[in-house]
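**Q** Relevant sequence annotations retrieved from Swiss-Prot are reproduced here:
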- 1-22: signal peptide (SIGNAL)
- 358-401: domain 'EGF-like' (DOMAIN)
- 362-373: disulfide bond (DISULFID)
- 367-389: disulfide bond (DISULFID)
- 391-400: disulfide bond (DISULFID)
């Protein structure tokens, strides 16, 4: 009897493990797979009448009336008008704001003002869109403070030398770095915590993070450098507090003629962002920022080519970011309405519709109509076999071909009537004296291909 019990249990375990191998089943506690949203973060509310821009007909999400305040899709907080964030304007040491250095800022005063700003910008306490904090005047790591940002190193060392005039240069530099990073962490973390407390359903994070080296692809590399991966790993304290990641794959005029190179850069950053999510904040959403104008400030009529849409927006969609955010400035928006409208209707909108049709086709052919296709890795002109599937409940498998449930799995193809194999724990109960009792029926199963059927009973 013990031998029979052992073989029955072993068979159930083998069936369960074999069925689950390679599964992409989401599970009852996780959300269903969704296709990437596209969000219109362009302040085009002034575009009226014949120049109004209707992005919703292309499936693009927007705030009500395309406003930046009080909407349901997004809110963005810029350092110059949010709280009392300390910084040197344009990295100029002679123009400090709110103390200039983070270690000279007033965190309490900042949080008081930031609370007012959040309540004003997001009046809905149940807001569940993206909440982006945009701090670009300084970087929260000493090692990242190069070029114009080195002013924060210079001024931090100057401050520490004033505080400790008899210390050695090495001691001063060590303490300056420590004080700077500690102050940065306080401002970044406490601001996030405030936002999460006031609007707990929002997706909070900092624009431009994670980061990647901009020269990916110049040699034969396709990933962010080891150095930048280390920088991102050292920001673990930031990922632990974030609920969203907001990398930027913006293109600029100097990049417009290099769509292949741009593709590698975009793919490397999205891949790195997924690594950070996987290792440090599995519950974080990924919202990728992109543009449609190379330089909306000086050449607003110079829009992305279709090749560069493929290298940015299209790639982020196929790699299944939670959303792709199309951003632009409000500068001279009134005079840009006509060209924006033309580009949306003639290029951007039709391109998104084509991408959607291709993903619909992939869904049916690759995922048997039961999941969403996505690219695990960047791939130019991907074939259908380059895509993987995120399966809808209760399906799983490489092509969502199997049907399962939380307490177990079923091995027959989903198109067949499933015979569910219960979870192994269902075969046991605990008696009053604490011993485990085996409750499995006296029967054996046999497997032919993907089918399992009752072979015989004892």
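Heads up, the Cβ atoms here are built off N, Cα and C, so glycines get one too.
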**Q** So if I draw a 10 Å sphere around the Cβ of residue 367 (disulfide bond), how many other Cβ atoms end up inside it?
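**A** Result for residue 367 (disulfide bond): 27 other Cβ atoms within 10 Å.
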**Q** If you compare CA-to-CA distances from residue 389 (disulfide bond) to each of the disulfide-bonded residues 362, 373, 400, which comes out shortest?
**A** 373
**Q** For residue 391 (disulfide bond), find which of the disulfide-bonded residues 362, 367, 373 come within 10 Å, Cα to Cα.
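**A** Correct set: 367, 373.
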**Q** What kind of secondary structure is residue 400 (disulfide bond) part of, going by DSSP in three states?
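**A** SS state of residue 400 (disulfide bond) = coil.
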**Q** Between residue 400 (disulfide bond) and residue 367 (disulfide bond), find the distance joining the two CA atoms and give it rounded to the nearest Å.
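**A** The separation of the Cα atoms works out to 6 Å.
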**Q** Determine the minimum-neighbour residue: among 362, 373, 389, listed as disulfide-bonded residues, which Cβ has the fewest other Cβ atoms within 10 angstroms?
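**A** Looking at the disulfide-bonded residues 362, 373, 389, the Cβ with the fewest others within 10 Å is that of 362.
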